[in-house]
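The structure under discussion appears below in the form of structure tokens.
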């Protein structure tokens, strides 16, 4: 019974898979047919005959010229044939293709550096003669535009004038062309004052539209950089209102500030604001923020903008976009305004957007002021430490020796010092947006409106008008201590000063960093935590002073180092004591002449009575003998 049941299951399985049986039967029925050995031998003996589909070498084809020729066989022939076909198509498609090929050949010769001037002039004249009357047609080509740029750069003034006249009616079209824009910029670089004036006149009514164009904005910026003050004002005026854009005569005025222009022409502030918003918003949306003319427009826009629009612009700029703006004077001010009026979230975006660019920003003239403002304003010291300080730590020596790079360090060591920041820069630290700075119940249109644009006038640049930076809510001293001392920056900075004391002392810029570190910073912020390190620095400087005279210039004879050491003696009793004991006691007679005499006499100008008494015993005989003379400078410690 069990066996029968098992057979039944097999039958069921066969019924469930009928395809298996079919496949088995079909495969079994289709058995391979064996070919006899005689037949196979006959096939091998038969010669090979190409099929009809095979390539026939004797087949003739017609070229585009109409002549019959053989189809290419080898790879090289096929490649040459494809090149001939491509050349033929280009000749049909491009009207001046042959001319461009001739110009490219001439360009390869004329652009060589070691070519004689006479030979280059001859090649340029030949190229210009070939292009005469056709320049507007071929200027948009990537080949011909390069040839024209070289010709404009090296040709005579007469030839340049003829090219300018031929291109003059087409400048606006070329300003938006990817290749021709380089030719336009080269023409502007070599243009005469009259030609530049004509070009700026042609831009009238098109400035706003070109600024919204990625390529056209480059031409406007180039013209703006080359223009004089009056021409710059003409370009800016078009962006302020519709009336100024339509009527050219209204732009010819001396007033540079937007508020003054509105007052003189009796323009409606609402109308101006709407027009500027329509100009500014598309530019910001496209991210065209690299140009200084746009930065100037934004500064003027902030002076009249309402609260909501100002907040919207700050929100748009907060992030990596702002990094591309802070390389100009107005751009750095926009950066500081965004930091000042931005929320904590927006400040975080701004600081994080600078990540990876701190070194480049620190070395920039205007970017360094923005970094100095960040360390003085942003309360989130953890964020600033991770993003700013950590990127600057590996290059502390280079920063200390650089004119701009030292500024963030000096701002931490001695905030808002007029020795390191100009009055104009200090005034820029205190800029505000009137609508965001107005108190509750105030419109911000009257007195507050001058706070943004007053910078740059003689009155604002005077030291009496300079105020301290209006920072965040955190205590400034606590913020400095967290950024400078608690994260280890000061300790590494002292180590750099110890290792490179001689180089920093002799440097026109490094001496300031060394002085601030050696004195313990403003308010004694490095004391008492780093007193041991500071004593080591004092001894390192004293060791340099103790070195005997040699052919190499001594630190007491160098202009910069002698004055820095003098300041340290006057302002730091600890340093003065170390220097006297380790280096100068009993050796003052050797240094009583030249630059070093000021250093020796500084011991008598010290505010510490003990130092005066200690030095007076050795110095008074030198003074009585006429060897050591009192320096002419009546205000000690103000050099450098």
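Cβ coordinates are placed from backbone N, Cα and C, and glycine is handled just like the others.
Automated prediction, rather than curation, is the source of TrEMBL annotations.
Marked as compositional bias 'Basic and acidic residues' by TrEMBL: 1-24, 61-75. Taken from TrEMBL, the feature region 'Disordered' covers 1-80. What TrEMBL records for 46-56 is compositional bias 'Basic residues'. Look at TrEMBL and you will find 102-455 tagged as domain 'PUM-HD'. According to TrEMBL, the feature repeat 'Pumilio' maps to 130-165, 166-202, 353-390.
Secondary structure of the repeat 'Pumilio' (166-202) per DSSP (helix as H, G, I; strand as E, B; remaining residues coil): 29 helix, 0 strand, 8 coil. In terms of DSSP helix, strand and coil, the repeat 'Pumilio' (353-390) has 28 helix, 0 strand, 10 coil. Proximity of distant same-chain residues to the repeat 'Pumilio' (130-165), defined by a Cβ-Cβ separation under 8 Å and at least 6 residues beyond the stretch ends, is recorded for 95-96, 99-100, 102-104, 106-107, 110-111, 120-121, 124, 174, 177, 179-180, 182-183, 186-187, 190-191, 195. Taking DSSP states H, G and I as helix and E and B as strand, the repeat 'Pumilio' (130-165) has 28 helix, 0 strand, 8 coil. Taken together, the residues of the repeat 'Pumilio' (166-202) have an average pLDDT of 93.
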